[in-house]
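Q: One structure, pasted below without further comment.
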Amino acid sequence: MARPPGTRLAEIRPPGPWHALPHEQVAAHLGSGPDGLSDAEAAVRLAHHGANRLPEGRPRPAWLRLLAQFHNLLIYVLLGAAAIALALHEFVDAAVILAVVLVNAAIGFVQEGRAERSLNALREMVTPQASVRRDGRRLTLPASDLVPGDLVLLDPGDRVPADLRLTRSRGLRIQEAALTGESAAVEKGAAPVAAEALLGDRSAMAHSGTLVAAGQGQGVVVATGAATELGRVGTMLHRVESLKTPLIRQMDGLARQLTLFVLLLAAATFAIAFLLRGYGLAEAFMAVVGLAVAAIPEGLPAVMTIALAIGVQRMAARHAIIRRLPAVETLGAVGVICTDKTGTLTRNEMTARSLVTAAGEWVADGAGYAPEGAFRPVSGDPPAALPPVFRRALQAGLLCNDARLGRRGEDWLVDGDPMEGALLAMAAKAGLDPAAERLAAPRRDEIPFDAQHRFMAVLHHGGSGPSVFLKGAPERLLELCDRERGPEGDRPLDAAFWHGEAERLAASGQRVLALAERAPPAGGALDFAAVDRGGAVLLGLVGLIDPPRPEAVAAVADCHAAGIRVVMITGDHAVTAAAIAAQLGLAPAPLVLTGRDLAGMDDAALATAVRETDVFARTTPEDKLRLVAALQAQGRTVAMTGDGVNDAPALKRADVGVAMGLRGTEAAKEAAEMVLADDNFASIVAAVREGRTVYDNLRKVIGWTLPTSSGEALTILVAIGFGFALPVTPVQILWVNMITAVALGLTLAFEPTEPGTMARPPRARSEPLLPPLLLWQIAYVSLLFVAGAFGIFFWAEGRGLDIDTARTMVVNALVVMEVFYLFSIRYVHGTALTLRGVVGTPAVLLGLAAVVAAQFAMTYLPAMNLLLGTRPLSLADGAAIIVVGVAVLGLCEAEKAVRRGLLSGARGRAG
Ligand code: ATP
């Protein structure tokens, strides 16, 4: 009962539960056939049913986000202070306090919104894909384009993109934890089940959101979007991830403790000012409010969040997409990068170069996938016709193969596995026509390639009867062969010869594949156990070139300079892996271990082995997990790449799991902290560099904010403690905080990478938020600020200036000192006194311009003079203020130089 195209599907009700109907009936009911839907029909259905997406969780409304900005201890303190100021009829003070509150909230609101938006935009960069058959062609589409009736293909690691009624399955096992909570994978098949079967027992269905753990399958879409089982249980897409990382949470906690401490200190100061020093009630109160505002680092967590968000954006621009925010911090501490080889360190653009058979070796010219170039013997002239054993080997290579070659403009491209594409190109160079060969011998059955068993087998029916062709890793296929094809027919296998040939090809970095043939197993079906028992005939070995990526060579060198180890973990042959590792500069003579070696090691032996070994070859996903654990046990922070469904445990275990965006399965991407949009090793290194930059910037933000706020606070404390006149009024302190915290502190979140960032060893994971060095810096800089403020104040008074003018000078001096200190802290690891350091970045210059404008306004605008109690200053006064700023910069740089000298001296002695 095929349905006329374009009929509204909603009008067709299933005659029973999908899982209880025969799949043929389901397909017919939905108007789907073996070729799937047509594109035109799919478009009509998409318009009718809408995109295959779960409803989005409603984002927090803007007014709530704005309100949340006021939920902050400091704001409560300030609001209380404003109320008291009003009660005391200090209207100007109350207005300034309220202005500070509003400016703070507005900035927090805008910046947090921007950070959230930029993180959401990232999420859209990793959209799930689905494989479908439409018009008889296999396509990869965004999962959101699926419609009921679409024929979807499932492979290991896929996330099932919609609710499917299975029509075919082969060893298909699906993990349905997302839906049923059951973490063990269950077997699935096309046979209908009882109508009353519960969700977990509907083995004929593959439900949206579940994960393909193994095997392959095909099914017709019966429900999309909110109509799926997952949609029905009310699952929403959670769009807003928490913006908090461990470091920011730590900072939040610290800020809260500091606030409490400052409030206690303020209470004590109030008592001293009022009871001992003869301040009036209102005056003492305002002084204490000024102290509290100066000392509480309220804006710090917000600025840190912004620094992280900027880091995430910069990483995305370098093709590294962060899926979990804490990874931004962890990346900066990475000490070992474990990476696979094919496609990450190499280009994954394969060219089949040589074919070795028992009748000699032939080579193919040309590069890329263009089926153009000669195919000729290594030595001697080519005979009139291609010898039969070569023809048979090439046939095996093109039939045991799922790839297609196509042309876009001048370029030849592969649709499918590049290695299989290279086999097609080689066959074409030898004069075979892959399309015609495939038509003449249609495929009847297959055992798909799996990294675990390392071969692929197909059953074809050709003119000369049925045949099974195999291709796979040489040592694996040699186990399955007992004969070899010679010029005069089949003869016993000379395994030693073939192992030698495989090593010879691999030694130059070529990837080696073996090709074989066998009679179909009894019974006709291609079952794994029968093929695994052996009895095949080896046809030959193919050597494929897959050159290292040039940028990977540079990135490996960068890693070594940055004290980061690079370890190659590959499924490829040990000799090939070692050759490529040497070409990449991983080590001059890389030490190699294979998965088999690892299997024989206990944890103690493994711990020693991971210290020295650069290359692990012929590994399984389980080996990856053991290697991550062993490296972590040495206290290293480990980044690990992966793409398959079986890599998920290792990716989760690693400190930074890195999934491949192009080759990777959904399962790997979901387990990973970071996804590489271009699968390129160099992008991991770029992300590490940005990770180090972000961490530095966080430290700069902290290193600037804490000393400047404690410097201001100390100035007030000292004045009250010693009974001096206040060198700045509380309202002026509020002003300084409002202006500088916004315009200056924030600029540090935008700092670019410092020179030498990748020449330092990685930071220890255990490094505290406030290392002793930073504590010392806070003390040193606070004292400089106090000295500067009082220095200017007494100097002005000494020259007979009135107190308002003297205070105006102090306010300006505080801001100028903050500016100069900002320039110093921009370079934590080196001197700021370079051209680059002095010129600054656009962010810094913009912040600086805003601050200068604000200070001129407060000093020279009559209205501001009235409001803030300031007075215009002379040029000479201005010059004196700049001198104080320069002195602070000089003293900070001198301290850095002494510290560096002490450090290198200590290192020299230790050395
Ligand atoms: P890496 O782990 O660095 O990506 P790899 O691609 O060689 O390296 P696997 O995909 O695990 O790792 O492949 C392991 C081996 O299996 C290969 O070296 C090759 O000999 C064989 N092999 C890979 N793909 C196929 C395939 N499609 N058909 C047959 N054999 C294959």
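Yeah, the Cβs are placed from backbone N, Cα and C, and that goes for glycine too.
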Q: What range among 545-570, 701-726 does TrEMBL record as transmembrane segment?
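A: Within the set 545-570, 701-726, TrEMBL attaches transmembrane segment to 701-726.
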Q: Mind tallying the domain 'Cation-transporting P-type ATPase N-terminal' (17-90) by DSSP state, helix then strand then coil?
A: 44 helix, 2 strand, 28 coil
Q: Any chance the transmembrane segment (285-310) and the transmembrane segment (837-861) have 3 or more Cβ pairs under 8 A, given the pairs are 6 or more apart in sequence?
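A: The answer is no, given that the two segments have fewer than 3 Cβ pairs within the 8 Å cut-off.
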Q: With an 8 Å cut-off on Cβ pairs and a sequence gap of 6 or more, do the transmembrane segment (873-892) and the transmembrane segment (62-85) reach 3 or more such pairs?
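A: No, since the transmembrane segment (873-892) and the transmembrane segment (62-85) share fewer than 3 Cβ pairs closer than 8 Å, they do not count as touching.
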Q: Is the transmembrane segment (808-825) in contact with the transmembrane segment (91-110), using at least 3 Cβ pairs under 8 Å (sequence separation of 6 or more) as the test?
A: no
Q: Quick one: do the transmembrane segment (773-796) and the transmembrane segment (808-825) reach 3+ CB pairs under 8 Å, ignoring pairs fewer than 6 apart in sequence?
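A: Per Cβ check, the transmembrane segment (773-796) touches the transmembrane segment (808-825).
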